[in-house]
Amino acid sequence: STMRERKATDPLHSSTDLTEGKEKLRLKQEVGLISGVSLIAGTMIGSGIFMSPEWVLHHMGNPASSLLIWAACGLLATFGALSYAELGTIIKESGGEYIYILRIFGSFPAFLFAYTSVILVRPAGLAAVCLSFAEYAIAPFYPGCSSPQVAVKCTAAACILILTIINCLNVRLATSVMNIFTAAKLLALLVIVVGGLVLLAKGQTQSFQNGFQGTTAGIGAVGVAFYQGLWSYDGWNNLNYVTEELKKPEVTLPRALMIAIPLVTCLYLLVNVSYLAAMTPSELLSSGAVAVTWGDKVLGSWAWLISLSVALSTFGSSNGTFFSGGRVCYIAAREGHMPDILSMAHVRRLTPSPALLFTSAMSLIMIISGSFSSIVNFFSFMAWLFYGMTISGLLYLKIKKPELPRSYKVPIIIPIIVLMAAVYLVLAPIIDQPQIEILYIILFIFSGIIFYFPLVRFKYHPRFLQRVTLHLQLLLEVAPTTRDAN
């Protein structure tokens, strides 16, 4: 059948063999500690730190409170990651929020998450990063004026197609690209940090005088500022999407999180200080590309290095987003919540190529229809809605099933703080500045009911889908996969 039937057993311990032959096809465990740190840090350090500072400052009203938002976002990302680390050592399966919601709350909410994530959230995140890559990549070709939208969108689409080829060819190739680009972007951020420290040493501290004057007090404005800041930290949960591909996941997962996220938080704070040392708040707010403006002021004729660094950074980040986002689609299909073809892997390359191709196609549609700022706000709303649900699942396990084996435990106060933050981030913009688009998002999430009951609950599978699946299998050279029972 096109959608598989799961065995009716305890969802926390259920497993099913997806192959009937003697040889079982699995994805390889190729991700070690260094690659894990690169996947987290490399995905987090993307477009956000180069594009979001002006929006955080705009919503908060002054430099000091905007720096507090950046620090709070880093702390929240760290708390969220530590909570996910415990979930990852209890449920040692790939899929991130999807697999945790499935095992804890059951099939229906997990399907709604998969439906929303695969069709909207993950492709939207990838599209936003690729659009920012395109902005910086072609900016040098249009000096003194804004780049044409057609050129930006074509470049972003080319970026997605290149990433699709890399990730479909080989997992090791994709992780190598992540490692190389993570090193490059860390070097670029260090250049900005050192430049800022030199400016501060020379006495350029005007932006920090009367730092809290004119702070915005509205809960909605603070919530939107958090959205823009947290966009720069998005990716803190990416390692949980590839748990089955980690070497020694019970050790690698918590260690990689504890190295990557504090490192990124410190860099982000220092980079923001550097921006404010080089520019006045009004200059920063009027800058279309903060990092490029910083480069023009500080590096002079070497400013082109910043555009190059940002392009490399966003490309590396989009690779990490694509690598993990394709896994959500793949795992959901393996569990019977997406068409069967998306759960298959290439028989020789051992990559989930159908899921990657589908994610690529959806991202291309997003690029054609969307803009960076609109994608970020609505991506963040949906993301924190499901983060909150996942964290509530961890609290349920900690209270109701403390006997479950786990190699790492997070103090219960940490997931409680993350859950409270998630509730605030979901409700604050709705209460303070309601927008009709949020209603459309909620309607889209619940439109999944139309597909869930006939296709999953009542297992209605049109016969033509079976023929399509068979033809696609032959065309793409893919076969069903299995996983180790944990």
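Just so it is clear, glycine is given a Cβ too, placed from its N, Cα and C backbone atoms.
The feature transmembrane segment is assigned by TrEMBL to 31-52, 64-85, 97-118, 154-174, 180-201, 256-278, 298-317, 354-372, 378-397, 409-431, 437-456.
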For the transmembrane segment (256-278), which stretch among 64-85, 354-372, 378-397 has the most Cβ pairs under 8 A?
64-85
Mind checking which residues reach the transmembrane segment (64-85)? Cβ under 8 Å, same chain, six or more beyond either end.
40, 44, 53, 56-57, 96, 208, 211-212, 215-216, 222, 225-226, 229-230, 232-233, 236-237, 240, 253-254, 257-258, 261-262, 264-265, 268-269, 272-273, 387, 390-391, 394, 408, 410, 414-415, 417-418, 421
At an 8 Å Cβ cut-off, counting only pairs 6 or more apart in sequence, do the transmembrane segment (154-174) and the transmembrane segment (354-372) clear the bar of 3 or more pairs?
yes
Within the same chain, where does the transmembrane segment (180-201) have neighbours whose Cβ lies under 8 angstroms from its own Cβ atoms, ignoring anything closer than 6 residues to its ends? I mean 6 or more beyond.
37-38, 41-42, 45, 49, 267, 270-271, 273-275, 277-278, 291, 294, 298-299, 305-306, 309-310, 312-313, 315-317, 319
At a C-beta cut-off of under 8 Å, are there same-chain residues at least 6 beyond the transmembrane segment (31-52) that contact it? List them, or none.
77, 81, 128-129, 132-133, 136, 171, 175, 178-179, 181-182, 185-186, 189, 228-229, 231-236, 238-239, 242, 245-247, 252-253, 255-257, 259-261, 263-264, 267-268, 271, 289-291, 310, 313-314, 316-321, 323-324, 372, 376
Short question: most Cβ pairs under 8 Å with the transmembrane segment (378-397), which of 97-118, 354-372, 437-456?
97-118
